[in-house]
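**Q** Input: one structure, supplied below.
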Amino acid sequence: MARSRSSTSGPWRYLNPAYYLKRPKRLALLFVVFVVGTFAFWDRQSLVREYESEMTKLADEVNRLQDQLRNVEGKPVKQSTIQQQYYTSDKMMSRDAVEIDSLSKERREKVKEAMRHAWNSYVTYAWGQDELQPQTKNGVNSFGGLGATLIDSLDTLYIMGLEDEFRKARDWVANSLDFNKDYEASVFETTIRVVGGLLSAYDLSGDKIFLDKAKDIADRLLPAWDTSSGIPFNRINLMHGRAHNQGWTNGDSILADSGTEELEFIALSQRTGDPKYQEKVENSMKQFKKILPSDGLLPIYINPHSGTASYSTITFGAMGDSFYEYLLKAWIQGNKTDTVKHYRQMWETSMEGLLTLVRRTTPSSFTYICEKTGESLHDKMDELACFVPGMLALGSTGYGPEKSKQILTLAEELAKTCYNFYESTPTKLAGENYYFHSGQDLSVGTSWNILRPETVESLMYLWRFTGDKRYQEWGWNIFQAFEKNSRIESGYVGLRDVNTGDKDNMMQSFFLAETLKYLYLLFSPPSLISFDEWVFNTEAHPIKIVTRQSGTDSKLSSNPVVRPFGRKQGKIGS
């Protein structure tokens with residue numbers, strides 16, 4: 001039998017496997033060299049990663065100490081733009097000792113380009129109006145003509161370094177924004193979008209026009225809290241101050257709508273020195289604390305006259321969601337002092353209740369949160385409830401080690417389910433809600449998608465707390481699905497059906513305020529809008545954390561430690 005030819009002489013013989021098979025000692029030596037070399041390489045890589053991690057921590061600590069020194073000395077920050085403090089789109093600055101990887105930078109720029117497209121479409125076809133209808137290329141005043149998309153976009157533009165766009169929006173706020181409208185406004189929506197958006201723009205830029213406007217609209221909302229229980233009505237006429245509830249609630253107030261104003265109104269009192277805003281929301285919170293059951297779960301309807309709960313659904317989805325979110329975030333906003341510990345205590349009680357609603361599917365063991373009416377559980381979960389993984393991750397650090405691990409693990413399990421809301425449809429975009437049946441894992445219920453942010457919000461939180469890049473990958477996949485299915489020449493639209501891809505005709509303001517902002521932060525350094533310095537309201541508007549100490553709440557400083565890291569106060573537009 002003929003043999004295959006091989007080199008048997010010269011230096012090439014060392015590349016022939018047969019050479020070593022005939023010489024076992026040399027083969028063993030070669031194997032040892034390979035193993036030692038491999039270990040040396042990976043050990044060096046490990047040391048490099050550890051070095052980079054330690055340098056990042058050291059840089060953050062140095063900047064934190066510098067910030068404290070500036071506050072003590074009263075020196076203003078000299079950077080001219082947010083990009084100068086953190087980074088520009090193509091070059092990292094000294095804020096971060098180690099650059100984020102090039103892939104994340106590239107993806108961040110793609111998200112920024114998407115924001116430009118959404119914003120420019122709004123400017124072209126709906127300037128000054130509440131929301132853009134991209135298919136018909138016109139604006140619609142779905143919030144009474146308060147410029148909802150423009151105000152919702154202010155901080156996103158600022159954070160992304162879109163200075164010209166921000167300046168143009170600022171000038172519209174200064175010269176054209178008028179709240180004296182004979183319009184029945186939602187107290188909740190107006191607070192989280194308009195008051196929150198203006199306060200965030202003020203905290204970021206230091207431009208007082210935003211604070212003045214926030215005070216104006218908040219003053220118009222305040223009569224909603226003039227009830228016998230302190231629980232606010234949910235609608236109010238901005239011109240005449242008449243407050244009431246919707247007919248379809250039988251006169252009841254909605255839990256989320258009535259318990260999601262603490263961050264904005266407390267912040268407004270801190271920045272203006274006027275305690276009336278904080279007093280209103282904390283008075284209503286006292287009533288919520290009185291009626292909070294042992295499991296911490298309140299139904300979605302509350303009687304504003306008696307202050308008692310009405311028989312209705314318990315849910316972490318629509319009409320319940322952000323009440324629980326703000327219990328945690330009001331504690332964080334006050335810098336976790338004893339003065340605000342009751343918020344944390346209420347939140348922890350509610351999280352024990354949440355654990356009783358957690359179930360898992362078969363065969364894939366997807367974790368989900370049930371809804372509850374009376375003693376009956378319903379195997380349904382809104383996409384809106386996908387904020388919960390991020391909330392749990394944020395709150396996990398306040399527990400002891402064992403409980404913290406349990407809560408963070410639950411957050412990761414729920415995030416996987418929420419991501420599969422997207423993966424389970426032909427368009428790779430999630431429906432509005434999902435049902436769970438034995439042996440079927442999950443199935444889409446209401447099949448529209450209106451560009452919601454909750455899942456990418458949680459992915460951003462989990463990436464920051466775990467460093468696991470799979471959350472970035474999941475976020476990127478969702479972004480690509482939006483680009484493929486929702487982007488058109490004149491903006492972004494939702495889908496009437498995530499199964500067919502049929503498009504609607506609305507670019508929701510929260511797509512610019514939340515969805516794109518959270519995606520941008522998912523691919524940015526964690527020091528950009530650091531969790532140590534900022535807390536996000538439920539519309540993704542970052543609000544500066546200000547420490548609250550016992551005995552000072554009634555004497556709030558008109559000059560809180562709010563360090564604008566963009567321009568000096570009042571410079572824009574001057």
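Note that the numbers count up from 1, one per residue, in the order the chain is shown.
Each residue, glycine too, has its Cβ placed from N, Cα and C.
Residues annotated as active site, proton donor in TrEMBL: Glu189, Glu432. Per TrEMBL, active site is recorded for Asp321, Glu454. What TrEMBL lists as Ca(2+) binding site is Thr538. For 48-75, the entry in TrEMBL reads coiled coil. What TrEMBL records for 551-560 is compositional bias 'Polar residues'. The feature compositional bias 'Basic residues' is assigned by TrEMBL to 565-574. For Cys386-Cys418, the entry in TrEMBL reads disulfide bond. Taken from TrEMBL, the feature region 'Disordered' covers 551-574.
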**Q** Between the recorded positions Glu189, Asp321, Glu454, Thr538, which lies closest to Cys418 (disulfide bond), Cα to Cα?
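**A** For Cys418 (disulfide bond), the spatially nearest of the recorded positions is Glu454.
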**Q** Going by Cα-Cα distance, which of the recorded positions (Glu189, Asp321, Thr538) sits nearest to Glu432 (active site, proton donor)?
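**A** Closest by Cα distance to Glu432 (active site, proton donor) among the recorded positions Glu189, Asp321, Thr538: Asp321.
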**Q** Given the recorded positions Glu189, Asp321, Cys386, tell me which ones have a C-alpha lying within 10 Å of the C-alpha of Glu454 (active site).
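**A** Checking each Cα against Glu454 (active site), the hits are Cys386.
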**Q** Run through the Cβ atoms and count how many others sit within 10 Å of the one on Asp321 (active site).
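**A** Asp321 (active site): 24 neighbouring Cβ atoms within 10 Å.
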**Q** For the coiled coil (48-75), provide the mean pLDDT of the predicted model.
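**A** Across the residues of the coiled coil (48-75) the model's pLDDT averages 48 on the 0 to 100 scale.
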**Q** Near the residue listed as 'Ca(2+) binding site', which residues of its own chain have a C-beta under 8 A away, given they sit six or more steps off in sequence?
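**A** Counting only residues 6 or more apart in sequence, the Cβ neighbours of the residue listed as 'Ca(2+) binding site' under 8 Å are Ile192, Gly196, Thr260, Asp321, Ser322, Glu325, Tyr326, Phe387.
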**Q** Quick check for the class: what is the C-alpha distance, in angstrom and rounded, between Glu189 (active site, proton donor) and Cys386 (disulfide bond)?
**A** 19
**Q** If I restrict to non-local contacts, at least six residues apart, and a C-beta distance under 8 angstroms, what lies near Cys386 (disulfide bond) in its own chain?
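**A** The list for Cys386 (disulfide bond) reads Leu414, Ala415, Cys418, Phe421, Ala430, Glu454, Thr455, Glu457, Ser458, given in order along the sequence.
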**Q** Output the one of Glu189, Glu432, Glu454 that, of all these active-site residues, has the highest number of other Cβ atoms within 10 Å of its Cβ.
**A** Glu454
